[in-house]
C-alpha cells in the first residue's frame, strides 16, 4: 500500500492508519450496541468518568499505540519488510525494560538472556535481506526508515505494558449489579411452583453478572475506549506533518483508468468511494487482530506474549519471501 515502486504509492500512511482506527471504533461500537444493549446505558450512568484512569493509563496507552502503529506504517516507505522485521523484533527487549520499570515483570538474567538469544536469532535469520546494490541516497533512506522502526519498537514495548495495566485496572466493570437491577430486573425471581418460597436465580441476569461483574471488561470495550484517542492523535499528526488534503485524492487508490489501454486516469466519485473502501477494509483485519492480542494479554504476562510473538516474526519473513520475493542467504537459513 505504501511502497512507491511496487505498491499503490499512498504517501500518507498516518492518515491511512486513522481510517483503520475509525473502523475499529465503529465496529466495536456496533458490537457493544447489539450484544450489550440491555445494560449499556445503565453502565454509562453508574460509572462516572474516571479522570485519573484516563490521564494515567488510557491516554498514554492510546498515544503509545498510535505512535507505534503510525511510525511502523511510515517506515514501510523506506525499508524492506525483512529489515523492518529485524529491527521490530527488538520490541521484546523494550517490553522487558518497561515491564520491569512498571513492576509487571521481575528482572532475571535468564529472562534477559532468552530475549537476547531470540532477538539475535531473528536478526541472523533475515541477515542481508537484499543482495542488490543501492545508491547512497537509498542507503540514507533505509537508515532513516530504520530509526523510525526502532522508535516504533520502543513505543511498542511501552504500548503493551500500558495495555496490560489498563486491562487490569479498567473501572468499567463496577456497579454491575445495579445495572442489571435497573435494566432487566432483579437477580432473583419468584416462582409460583416453589413450595418453600425460596428465591430462584434469574438465569438471564445472572449471565449478565458473569459478563459484566467481577470479570475484566471485554477487549472490545477496551478497543472502543482507545480507538477514538488514537484516531484523533493520528489525524492531528497527519494534518500537521503529511498535509494530505487535497493531495491524497491524486493517489492511485483514488484514481480510475479512463483510457482504453492507455495511461490516462482521473478522480471521480466512484474512484473516491472505491478508495475509501480499500482504506477501510484493512481495518477489519486490524479489528480481529487487536481482539486476539487484548484477549491474550488479559490471561498472559506481557513479556510472555512478546516472546511467543516471535512466531509472528517468522511468518512475516516467510510471507515476505513468498509474496514480495525477498531473498535470504544460505548462512541465515542455517
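Heads up, the Cβ atoms here are built off N, Cα and C, so glycines get one too.
If you check TrEMBL, you get these features:
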TRANSMEM  12-32  transmembrane segment
TRANSMEM  53-71  transmembrane segment
TRANSMEM  83-102  transmembrane segment
TRANSMEM  109-127  transmembrane segment
TRANSMEM  139-162  transmembrane segment
TRANSMEM  276-297  transmembrane segment
TRANSMEM  303-324  transmembrane segment
Residue numbers, six or more beyond the limits of the transmembrane segment (53-71), whose CB comes under 8 Å of its CB atoms: 13-14, 17, 20-21, 148-149, 151-152, 155-156, 158-159, 162-163, 165-166, 169-171, 225-226, 229-230, 233-234, 237
Stretch among 83-102, 139-162, 276-297 sharing the most Cβ pairs under 8 Å with the transmembrane segment (12-32): 276-297
